[in-house]
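Some notes on the structure that comes next.
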């Protein structure tokens, strides 16, 4: 009998699904990836067909399991997923009653604005660490219950189940035996109290969501059950689950207070470990649970950028400026600067610290001398500028005391971007050998549950730096560029947008 010496990680993202098998040394032994369709039925609406997701989960998992020699080598399975995206399904059939509403979906902006006008945001923020924004799951659940025929009655009768993508996949993998989620996914719904660490009755009432819909909430490393034997040839223990950005905290080994990571995928999400006590931001950053292992909870401050890699995808699929994402590196390096061109990629509004769902994208500073390369470079630069805004907000909150940022995700492989980011932040940027840190974090959580790794110290020992980028830009030039960025952002903000203390009204020279 083969030794169970590997962990299978399922990484279900916004635009693709990946399965990766890791060995005990945290090296990837097999990888399979599938992109799936996005659905945009109306302006600002974004949906996923969960059958597409389920099909790709099975296909990629089976391919990687076969590549390493079969299920007998898999000690456990871990799941990480796009957060906030919500699905409601029939408990009897396991079929969704509607396409999943994706985290990028803005259809409930009006409902969130009404609650804000009623003075409800302070209560929501105190309990959840989140803002009243359609980004989060609660208003999406309410929309589904109110717009799918008979859904609310069926939900109250206990006929339906709701959950983020991890919860739906767990239900399918276990053949409907487990309706559970982990604490990091739960805390992104706007229904979960991060202090009591329970579903909150006042929040359930505010959003009109029946408690019967919601899953059990577990530690990130837990016994989540087993897969059905028919799926992969034998049963596989499911030992870990985490939302993608929290899984990346684990994969980047940011286990100590003050450590920070930024993941550049479809969006960019920066999490700063704040230790065992939550810190409430004065700059409209989010307070969230980083992870809970063995009943011990660590918190984080989070800044969310809605468009990072999605902007590169838009350059490829929308503008047809490139045919592959890697071309942006070459385009950026062959010109000395962006020639005064700025792009604000507010395609689905702006995230932290502005939280303006109604702002829209902007390209400014165009002249007859502007080229495709200037636009591509401006897109890359915009992600670094937005990261600067997040770090500045964290520093003003008194939480950011380190001068090192660990990066991962698809954009992290772009050397030009990593160097520009370091210069903008005036901080060292560390890139690990393994940039698949989201999947790796899910693998670590599952491996900790079954004993493949014995402790977080053992996990930390596997983290290896591939390269460190140090600031190189002239300080005066840096200030000019950041001031230009903030001028561009001002043009996109709607008059009603809430203003963070760390707003664009503060010049870069004052904040740098």
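Placed from the backbone N, Cα and C atoms, the Cβ positions cover glycine too.
Among 244, 317, 329, only 244 appears in Swiss-Prot as part of the sn-glycerol 3-phosphate site alongside 14, 83, 84, 135. Residue 84 (sn-glycerol 3-phosphate binding site) has a Cβ environment of 26 other Cβ atoms inside 10 Å. The binding-site residues shown are 83, 135, 244, 245; of these, the one with its CA atom nearest the CA of residue 18 (ADP binding site) is 244.
Under the DSSP three-state reduction, residue 18 (ADP binding site) is assigned to strand.
In this structure, the C-alpha atom of residue 83 (sn-glycerol 3-phosphate binding site) lies 8 angstrom from that of residue 245 (glycerol binding site). When Cα-Cα distances from residue 15 (ATP binding site) are compared across the binding-site residues 244, 266, 410, the shortest belongs to 266. If you measure from the Cα atom of residue 266 (ADP binding site) to that of residue 244 (sn-glycerol 3-phosphate binding site), you get 11 Å. Each of 82, 85, 103, 188, 243, 269, 304 belongs to the same chain as 83, 84, 135, 244, 245, is absent from that list, and has a C-beta within 8 angstroms of the C-beta centroid marking the glycerol site.
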